[in-house]
Every structure is written in structure tokens, then in C-alpha cells.
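K.L.:
One structure coming up, written as C-alpha cells, with questions to follow.
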Amino acid sequence: MEHADQYSWIIPFVPLPIPILIGMGLLLFPTATKRLLLFPTATKNLRRMWAFPNILLLSIVMIFSLDLSIQQINGSSIYQYVWSWTINNDFSFEFGYFIDSLTSIMSILITTVGIFVLIYSDNYMSHDEGYLRFFAYMSLFNTSMLGLVTSCNLIQIYIFWELVGMCSYLLIGFWFTRPAAANACQKAFVTNRIGDFGLLLGILGFYWITGSFEFQDLFEIFNNLIYNNEVHFLFVTLCASLLFAGAVAKSAQFPLHVWLPDAMEGPTPISALIHAATMVAAGIFLVARLFPLFIVIPYIMNLISLIGIITVLLGATLALAQNDIKRGLAYSTMSQLGYMMLALGMGSYRAALFHLITHAYSKALLFLASGSIIHSMEAIVGYSPEKSQNMVFMGGLRKHVPVTQIAFLVGTLSLCGIPPLACFWSKDEILSDSWLYSPIFAIIAWSTAGLTAFYMFRIYLLTFEGHLNVHFQKYSGKKSSSFYSIKLWGKEEQKIINRNFRLFPLLTLTMNNNEQPYTIGGKKEARITITNFGYKKAFSYPHESDNTMLFPMLILLLFTLFVGAIAIPFNQEGMHLDILSKLLTPSINLLHQNSNDFEDSYQFFKNATFSVSIACFGIFTAFLLYKPFYSSVQNLNLLNSFVKRGPKRILLDKMIYLIYDWSYNRGYIDMFYSISLTKGIRGLAELTHFFDRRVIDGITNGVGITSFFVGESVKYLGGSRISFYLLLYLVYVFIFLVISYFILF
């Protein structure tokens with residue numbers, strides 16, 4: 001493809017025919033679709049035929065994106081082409097495409113992850129009545145994201161930005177008949193509207209400043225205005241903050257992060273796509289695309305890094321006590337996105353994009369593996385997310401789903417930062433750069449790396465080690481037919497927040513006659529013992545997923561193993577470069593402008609040793625607390641060996657319980673928003689309604705009623721004689737003239 005840049009405009013439009021054709025078919029032939037349900041096997045095969053062209057078209061885009069990346073690595077310059085849509089004397093609105101290293105990186109990321117998710121979804125969603133609708137939404141999602149990354153101006157970005165938000169709304173609420181899913185998609189939509197409104201205001205503000213929406217013109221004009229001090233700096237900072245607000249909402253940064261855990265109500269494949277390469281990546285992409293704009297405003301760079309470090313720590317602490325496997329991974333995504341924002345705020349453009357790449361493949365692997373786990377658990381507990389996604393009911397899955405276990409373990413180790421897996425290289429680069437930026441931020445970032453290792457191995461141990469805990473909850477297995485249709489995924493129950501959450505969620509609290517209780521905070525607590533191991537009953541067990549679901553996981557496993565190699569230096573003409581650096585050259589990087597091979601190698605090994613040590617400490621702590629020591633022993637009292645009562649131990653327990661209550665209840669942030677914002681807005685609406693009905697309507701109705709009674713009084717007073725009416729008329733005219741005379745003269 002010698003001149004592939006010239007045909008890059010087709011990238012967003014290649015997958016577009018699929019949602020159009022599926023949508024037309026569902027609208028024009030709804031009756032035929034319902035009749036096909038009478039023939040389940042034929043219907044399933046017919047529907048799955050749509051998966052092949054979907055995957056094929058996205059594969060074409062992937063090949064095209066790879067060619068663009070190769071051209072960028074070989075030194076191709078930025079390519080832009082625009083078509084004028086609206087031309088006026090003072091205004092010209094243009095559409096086009098913009099090809100640079102960032103575009104090629106994002107295109108490869110979207111297409112590769114998208115292809116694997118589509119292959120996986122073919123089997124995962126095969127028994128769902130909404131199979132075709134799901135694939136239509138997924139294709140539209142990929143199209144919207146590809147359009148976003150190839151946009152050449154802010155208006156075009158905003159259009160595709162809204163399309164990405166709409167697709168996420170449709171996919172999060174895919175099972176819209178479930179109240180939890182319907183509420184989750186509304187929450188995501190409303191939360192993102194806040195950021196989108198800020199983004200729109202920021203776009204209009206910068207157009208008012210520069211008179212252009214085009215990226216290259218915008219950057220050049222704005223830099224000249226800043227250099228010549230021809231613009232009000234406070235107004236510029238406000239507009240840049242509004243632009244950043246869009247990225248905060250889309251990438252689930254504090255304080256607009258609350259939609260991300262609830263987004264797990266959607267099907268697991270879409271969770272993988274949202275968290276790896278589409279919606280949450282859009283916010284990082286926006287900041288990276290507008291990086292030349294933000295970099296000349298120091299206050300905005302400080303704000304970006306501050307929001308990033310807060311999100312890093314908050315996401316990690318909220319993941320500590322989650323029992324839902326997908327929500328635990330969701331908070332993990334939030335924390336890792338915080339690392340990317342932190343890197344961008346520090347000026348480490350390369351490290352941020354590198355972590356975006358490595359995290360995408362690792363997190364896609366983890367979500368697809370969690371989907372395989374959920375799929376296997378549904379055969380036992382039924383189609384209920386409260387059970388199939390709850391790690392309390394899992395355990396011991398290592399021997400039942402060995403391939404999934406290996407995939408999940410590799411993804412977990414990568415996210416923990418264990419070499420030579422993908423996330424080790426990118427996270428270590430961010431951690432190293434943090435020392436150059438701020439020691440306080442560095443301490444928080446390094447400490448959170450240990451927390452990441454802890455909560456990720458907590459998820460792994462609760463899921464795969466020990467015994468299958470659902471058996472001790474006395475759930476019987478459920479057989480499923482060869483074809484079944486899922487409309488309502490279980491009945492919705494009211495969620496009760498457990499305010500007495502404890503460190504060991506899988507253990508039961510019992511009291512034997514010969515045991516003495518211990519006291520914490522004035523409350524008597526029972527000692528922890530393991531029970532129910534004597535329960536004898538035959539159960540069904542989880543089974544490994546089909547090859548269609550395992551194949552994408554294995555390919556993503558290979559990506560997780562080897563994608564970090566793009567940052568390994570190679571020698572070219574006496575210069576030590578790597579593929580990522582050649583791809584991003586001459587992108588801006590404030591840090592590491594001068595390098596020395598020996599010093600860099602020494603610093604790398606020193607930082608790597610420190611980061612791996614912190615990760616290993618987190619893993620060891622997770623093993624200490626969650627490794628099932630009771631696997632071969634019945635009714636073992638853990639407190640006899642683990643707990644030695646004393647003042648220091650009681651204080652430590654209080655701190656642990658406080659942290660876990662904070663984490664389990666999402667830091668009480670959702671509760672705060674519910675009380676302060678939701679109830680406050682509803683109270684204001686009720687007050688406005690009362691004022692409108694009682695005051696505004698009261699005045700209007702009062703005037704009408706008063707006029708009515710005055711008219712009735714005059715009517716009866718006059719006795720229905722015309723002469724009396726004429727007299728009153730003349731009196732009123734005289735009074736009016738007298739008043740007018742005194743007013744005028």
C-alpha cells in the first residue's frame with residue numbers, strides 16, 4: 001500500500017455496513033425473526049453467519065492500520081485531508097481525517113481487541129435472543145471509536161465522542177429488562193453528559209480564542225497567542241479545564257468515576273471492549289491528542305497529574321473488598337487509567353501511550369477470562385449476576401477451568417507488574433518518571449503498585465484456589481438444553497450494603513461452647529471457624545469454555561507476553577531506539593531528553609528491582625490473607641494461629657475493618673452523590689413545582705377569580721339596567737382621565 005494515507009478515510013466506514021444491514025433486517029422483518037425461534041438450531045446457525053462478515057471487515061481495517069503504523073515507523077510525516085462542508089464569509093466547517101502515530105496506535109488497538117472480542121462473543125452470546133442486536137451495537141461501537149481517532153478537528157471529535165457514548169449506553173443496558181442494567185446505562189449516560197457538556201463549552205471557547213477547529217491550526221495559533229501574551233490566561237485555563245472534563249468523565253477519573261463499576265451490568269464481552277480499547281481509552285486519547293494545547297498551560301498539566309494520582313489511589317482502595325469479579329476488575333481499570341493520566345500530566349507522553357497499549361491487552365485478557373468463569377458458573381447457580389459473578393461462590397476453579405486459570409494468572413501477573421509481562425515495562429516507566437516530577441506523587445504511585453498486586457491476587461485466590469464454595473451454600477446444579485434464550489438474566493433483588501463486612505468473606509463466624517469471644521470496639525466478636533465441609537451431596541461442577549472462547553484468550557495471552565517488546569531498545573546507526581520511540585518520534589516528551597546508556601541501564605534495574613519487590617510484597621500479603629490454609633483440614637480455627645489479642649492487634653483490626661468498609665461501600669462516594677446531588681436536585685424540583693403551582697398559578701388564578709366575583713357583584717348591583725351600566729362607564733372614564741392628567745402634568 002504505497003499511498004495508504006490517501007485512503008485512510010475508509011477506516012471508520014468499513015465496519016459500518018453491518019449495523020446498517022442488521023438494523024434494517026430487524027426493522028423490516030421482525031415477524032420472520034420471531035418465527036425462526038421455532039427452529040432453534042437453524043436460527044442459531046443463521047444468526048451466527050453475521051459474525052463472519054463482522055470479523056472480516058474489522059480484520060481489513062486492522063491490516064490497513066498495521067500498514068499505516070509501518071509507514072509511521074519508517075518516517076512518514078503527519079497526513080491530513082479535509083473536505084469543506086459549509087463555507088461562509090467568516091466560517092468554514094470541514095470534515096476529514098488526520099493520520100499520525102497516535103492514530104495508527106489507536107487504530108491497531110481498537111481493531112485487534114475488537115476482533116478477539118467479536119470472536120469470543122460469537123459463542124458467549126449465542127444463546128441470547130439479542131445476538132444480532134448485540135453485534136450491530138458492537139460494530140457501531142467500533143465504527144464510532146475509529147471515527148474518533150481519525151478525526152481532524154474538534155467538532156468531528158465531538159460528533160464521534162457522542163456516538164461512542166450512545167453505543168456504550170446501548171451496550172451497558174443491553175439487557176434493559178433488568179432494572180439494574182437499565183439504571184446502570186442511565187447512570188453512565190448522565191455522568192458522561194456532565195463531562196460532554198464541559199467538552200462542548202471548551203471547544204466553543206477555543207474556537208472563540210483561535211477561530212479554528214482544526215488541530216494543526218489550533219495548536220499553531222494558540223501557541224503564538226500564548227507566546228505573545230495576547231490572550232487572557234485565566235480564560236484559557238478555564239477552557240482547557242472544560243476540555244479536560246470530557247476526558248475525566250469518559251475515562252472514569254475522579255470525581256466522575258461512579259458510572260464505571262455499574263457498567264458491569266452489560267455483557268462481559270462489552271466490558272472487555274469498553275475497558276481495553278474503546279470508551280475509557282477515548283478520554284486518554286483526547287488528552288494525548290490535545291497534548292500540545294495542554295502542555296503550554298502549567299496549571300492544566302498540574303490538574304491532570306493531580307486527578308490522575310487521586311484516581312490511582314482511589315481505584316486501588318475501592319478494589320480491595322469487592323466481591324463481584326467484574327467490579328473488582330473495573331476498579332482496577334480505573335486505577336490504571338489514573339496512571340496514564342498521571343503520566344500525561346507529568347509530560348511523559350510516551351509512557352502514557354505505552355501503558356495504554358499494554359494495559360489494553362492485559363485487561364481484555366482478564367475480562368474475557370472472567371467471562372469464561374461466569375459462563376462456567378452459570379451452569380451451577382443459574383443466570384443471576386449476584387451469584388455467577390460473586391467470588392464468594394467461587395473457589396477451586398483451577399482444576400475445573402485450567403486454560404482460563406492460566407490466562408487469568410498471566411493477566412494478573414502482568415497487571416501486578418511482574419517481568420517480563422507487558423504492564424511491567426510501561427508501569428515501571430511511569431513509576432520511574434514520577435520521582436522526577438514529585439516525590440509525594442511518586443510515593444503514592446509506588447504504594448499503589450503494591451495495592452494493585454494485593455487486590456489482583458486476592459481476586460485470583462478467591463476465584464481459583466481452595467474449594468468450590470457454592471457447594472457449601474447448598475446450590476444444586478442446573479442443566480441447560482442445547483438451545484435456550486435469555487431475556488431476563490435473573491430476577492433483580494434489592495442490594496443491601498453490608499456494613500459489617502469482614503476481612504475473610506468466605507469464612508463463617510461461629511461460637512463453640514469452649515471458646516471465649518474477643519472484643520473489638522466494645523462489641524463481642526465470634527472466633528472464625530470453617531464449617532460445612534462435612535456436607536455430603538452430589539453437585540455439578542464448572543466446565544471449561546468452548547474453543548471459540550478460548551482461542552481469543554490464548555491470542556491475547558501471547559500479546560500480554562510479548563507486546564512489551566516494542567519498548568526494548570535496538571541499535572540503529574549508533575542510536576539506541578525502540579519501536580515505540582520510532583513510532584512516536586517526534587512526539588513531545590518532557591522527561592528523558594538526555595540519556596546515557598550506562599546510567600539509564602543502572603537506573604532501570606534499580607527501579608525495576610524496587611517495583612518488583614513492592615509487587616511481590618503485595619502478592620505475599622494476599623497469599624497470607626486469602627490462601628486457603630484450610631484446604632485439607634475441617635473446622636480449623638484460624639484465630640488460634642493468626643490472631644494474638646492485644647491492644648496493638650485490636651487497633652490494627654479496627655484499621656483493617658475501616659478500610660474494608662470504605663472499600664466495600666465504594667468510599668461512600670455514591671452515597672454522597674445520592675444524598676447531596678440526587679436528593680438535592682429532586683428537592684429543588686419539588687420546591688420549584690410547589691412555587692409554580694401555588695404562587696405563579698395562584699396569582700394567575702387569583703386575578704381570574706377576583707375578576708369573576710367583581711363582575712358578578714357589578715352585575716347584581718346594576719339590576720340589569722343599561723342606564724346604570726352607562727353611568728358606571730362614564731365614572732370609570734372620568735377617573736381614568738383624572739389619573740392620567742396628574743401623571744402627565
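Even glycines carry a Cβ here, placed using N, Cα and C.
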K.L.:
Which one of 194-214, 656-676 shows up in Swiss-Prot as transmembrane segment?
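P.N.:
Comparing 194-214, 656-676 with Swiss-Prot, transmembrane segment matches 194-214.
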K.L.:
Under 8 Å, at least 3 Cβ pairs, sequence separation 6 or more: does that hold for the transmembrane segment (364-384) versus the transmembrane segment (135-155)?
P.N.:
no
K.L.:
Could you pull out which residues elsewhere in the chain have a CB under 8 Å from any CB of the transmembrane segment (99-119), counting only those six or more residues past its ends?
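P.N.:
Sequence-remote neighbours of the transmembrane segment (99-119) are 5, 8, 11, 51, 54-55, 58-59, 61-62, 64-66, 68-69, 72, 78-80, 135, 138, 142, 145-146, 149-150, 269-270, 272-273, 276-278, 281, 285, 288-289, 353, 356-357, 360-361, 364, 368, 548, 551-552, 555-556, 559, 583-585, 587.
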